[in-house]
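Residues annotated as active site, nucleophile in TrEMBL: Cys48. Per TrEMBL, substrate binding site is recorded for Thr47, Cys48, Asn49, Arg50, Ser110, Glu115, Asp116, Glu117, Gln121. Under the heading NADP(+) binding site, TrEMBL lists Met189, Thr190, Gly191, Lys192, Met193, Gly194. What TrEMBL lists as domain 'Glutamyl-tRNA reductase N-terminal' is 4-157. The domain 'Quinate/shikimate 5-dehydrogenase/glutamyl-tRNA reductase' annotation in TrEMBL covers 181-300. What TrEMBL records for His100 is site 'Important for activity'.
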Amino acid sequence: MYVISISHKIATVEIRERFSFSKEEQEEFLRLVMDQGHYEECVILSTCNRCEVYFTPSPANAGFEAVQEMEKLLTEFKKTELSLLLKYFLVYNEEKAIQHLFSVTCGMDSMVIGEDEILGQVKDAYTRALNLKATKYMLNTLFQAAITCAKRIKTDTRLSKTPVSIGTLAANEVFRFGGDIKRVLIIGMTGKMGTIIMKNLYGKENIQITGTSRNHNSIEIINREYRNLRMIDFKERYEYIDEADIVISATTSPHYTITCKELSESIRTGKERLFLDLSVPLDIDREITKINGVNLHDIDFYQQISRQNFELKEQETIRAAQMIEEHLDNAKKEVIFHSFLPDLPDIGNAMEKIRPANLIYELKDRANSEELSVMLQLVRKLL
């Protein structure tokens, strides 16, 4: 098996976009590859962080020529210069290719280690190729083994359930706080942290988001892209703060975005509220905790949780790596044994004519010391 990979490791988002495939394009490219007659199998994996082509060449097209031809097909299909692909792609073959497939499928090659969204994306890519009859024994065996391994890691470890991003931790706090319907006000929503939180919350059932921005153009862009979201000018924040159950402030302002005096004058109901201050310097006046029903968590609160989760994630990463090694070894054994099966009848016939003791001496004469040591250990395991 070979893999041509363009990923976040060395390619910018602009380059990755050039090689991005829609579902329809994936199917079209798979048909194109299989119609060449030079390839036995092919799977296309296309996500926001990677475009990868997994393939096995026909016996007559094996080796570097198969990779070169696939590079040409890929660049011609995407109407992109070959020089651009050669600058940003990586090629894996044989054992390295199998290891890469497992690493990708199990989330170990992702931007966020252990994320499990990639598992669904790999399954979809494999199923698409399978339905188009673009896979045979090799890719069927390896993709199914990698998917099984990833499912085990997802079930038996906390790797995908242990966030370390401050933005994700804050979003999770929103999910836990309050009643069924949550009204969230994000101050500074068009900034980096505010955008991360908004994307974590957007589209979730019973969460209503209001965001602020100082930039009128940003407000128009957000309103176009996220229709079920309300954008307001930063100056209007206190007018909407009473209805909010959760207020998140994530700006780079040198001054408070929320002061105790103005907040106390703006809220009319005494319901429980959660304020999250994710800024340095602080956005929210700590004195607001004197107001009845107001709870405040600052960035230090989440950084401590993030550090604890990072340590836990490191431990879970080690466990996941051990599971990958186990499943990877089993998959490689399947592939090796499958290539041996055609010779099995002849070996069976030969074994009937050779006494076991004589076979051991024959192995001693033909094997080097390392090979002999391994074979004798295996013989002992059979006793």
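Each residue, glycine too, has its Cβ placed from N, Cα and C.
Checked against Met193 (NADP(+) binding site) by C-alpha proximity, the recorded positions Thr47, Cys48, Asp116 yield Cys48 as the nearest. Within 8 Å of the centroid of the Cβ atoms of Thr47, Cys48, Asn49, Arg50, Ser110, Glu115, Asp116, Glu117, Gln121, where the record puts substrate, the same chain has further Cβ atoms from Gly107, Met111, Ile118. On the backbone, the CA of Gly194 (NADP(+) binding site) and the CA of Cys48 (active site, nucleophile) stand 21 Å apart. Cα spacing between Gly191 (NADP(+) binding site) and Cys48 (active site, nucleophile): 21 Å, rounded to the nearest whole number. Mean pLDDT for the domain 'Quinate/shikimate 5-dehydrogenase/glutamyl-tRNA reductase' (181-300) in the predicted structure: 92.
With respect to their backbone Cα atoms, Lys192 (NADP(+) binding site) and Cys48 (active site, nucleophile) stand 18 Å from each other. Around Asp116 (substrate binding site), the same-chain residues at least 6 positions away in sequence with a Cβ under 8 Å from its Cβ are Gly107, Ala150, Lys154, Ser160. Ranking the recorded positions Cys48, Met193 by how many other Cβ atoms lie within 10 angstroms of each Cβ puts Cys48 at the bottom.
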